[in-house]
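According to TrEMBL, the protein has these features:
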- 30-52: transmembrane segment (TRANSMEM)
- 64-83: transmembrane segment (TRANSMEM)
- 155-177: transmembrane segment (TRANSMEM)
- 189-207: transmembrane segment (TRANSMEM)
- 281-309: transmembrane segment (TRANSMEM)
- 330-351: transmembrane segment (TRANSMEM)
- 357-379: transmembrane segment (TRANSMEM)
- 386-407: transmembrane segment (TRANSMEM)
Amino acid sequence: VLILLIASFTYVTAQITATGSIAQKALSTPAFPVSFEFGCWTGLITILLCSMLGGMRSVTWSQVAQYIVLIIAYLIPIFWISWKYNYGIFPHIMLGDEVTRLAALEQQYGLTKHTKDVLDAAKIPSDSLGNATSLKYIVSGHSTVPAGHEVAWRYISLALCMMIGTASLPHILMRYFTTPTVTSARRSVGWSLFFIGLLYLSAPMLATVSKISLMDPNVPTAIIGKKIADVTQIEWVKNWLAVGQVKIVDFNNDGILQLSEWFMNEDVVVLATPEIAGLPYVISGLVAAGGLAAAMSTADGLILAMANAISHDIYYKMIDPKASVKQRLIVARVLLVVLGSGAAIMASFKLTGILGAVAWAFDFAMSGLFFPLVLGVWWKRATRSGAIAGMLCGLIAGTAYLVWVGVPNKDITFFMGA
């Protein structure tokens with residue numbers, strides 16, 4: 001239960017951070033700007049409404065609907081941008097060519113070597129960048145590029161950790177309790193992998209076309225190399241500057257925007273991509289709805305998993321074994337509010353970005369739950385005491401690793417060696 005709470009609470013904090021960013025952008029107007037904290041609490045209220053109006057099965061079906069919205073919102077911009085700029089009918093197949101193109105652009109703009117602008121960017125105080133601190137870590141990381149085999153190993157190890165962490169996430173494992181038979185549970189695993197893969201395999205393409213739309217001088221939406229005065233008058237740049245998600249710092253005072261002078265919070269890249277690529281505004285709204293659906297569907301399951309674990313495994317099993325179903329339901333509902341409020345408070349502190357918090361949650365789940373789960377299924381000599389010892393040792397090791405690499409103000413780019 002302890003590991004479940006730690007991993008799930010960290011993960012739900014990331015999801016509420018996402019809802020806060022989306023709500024801040026969607027609800028803000030020039031006359032009435034909305035704070036990130038207000039966005040977090042607005043998102044939490046929506047999440048709690050979805051969680052409290054039904055149980056595990058109803059939340060599962062609501063997540064099906066949310067996934068449909070999410071995948072449509074995710075794929076439409078990718079195919080639209082690919083068709084608009086002649087990246088190919090099936091952009092996923094052309095990803096290799098586009099990555100090569102992007103690498104050439106990065107080399108052209110000096111992002112892969114020790115340039116004065118890159119070194120200056122690495123020295124910027126984080127406080128002066130507001131929310132747009134993410135590129136500082138990316139840029140400063142490029143000042144010491146590791147050898148090719150080291151980068152490859154870091155990506156491979158990161159992928160393994162993410163896969164193992166996904167297999168250990170409590171709110172995903174609990175979904176299989178809603179299946180009536182073992183056969184249907186196995187079938188649901190196959191369909192889950194298909195739909196998850198459809199989404200995850202699209203993420204690299206979305207990131208690539210977003211970068212190319214910003215950097216390629218042959219694309220009309222490119223801003224790198226243009227006058228900063230002109231860039232700041234672009235509608236989408238003005239909008240994101242207003243909410244503190246974008247920052248421009250002219251190091252050499254030449255009035256021309258260099259790549260290392262552009263800072264953007266990675267948490268809003270997906271939301272901003274349709275605007276960056278010049279797609280109709282309705283697509284931006286669709287992507288925002290998809291992002292909100294993704295955050296809500298995940299947060300629903302996480303909060304429900306934590307509340308059920310405490311109300312059943314701690315309250316019912318240890319505190320009041322005679323509690324009725326109604327009493328346990330009341331306790332679970334109260335816990336939903338308490339846990340959600342705690343996560344919203346943590347999200348408002350902005351201890352890390354969304355990807356950083358997700359990486360921490362996967363670390364906790366992988367180190368504390370994966371090996372006891374696998375051994376419990378496949379090793380007949382596994383015991384309860386051994387599983388508890390393994391979970392505690394794994395949690396300690398995973399936490400020690402996070403402390404060792406430096407938890408405060410680190411993002412997933414740090415773990416990736418970017």
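Placed from the backbone N, Cα and C atoms, the Cβ positions cover glycine too.
Relative to the transmembrane segment (386-407), the listed stretch 357-379 leads the set 64-83, 155-177, 189-207, 330-351, 357-379 in CB pairs under 8 A. Between the transmembrane segment (357-379) and the transmembrane segment (30-52) there are fewer than 3 Cβ pairs closer than 8 Å, counting only residues 6 or more apart in sequence, so the two stretches are not in contact. Highest Cβ contact count with the transmembrane segment (330-351) among the listed stretches 64-83, 155-177, 281-309 falls to 281-309 (criterion: pairs under 8 Å).
Contact count against the transmembrane segment (189-207) (Cβ pairs under 8 Å) is highest for 64-83, out of 30-52, 64-83, 155-177, 281-309.
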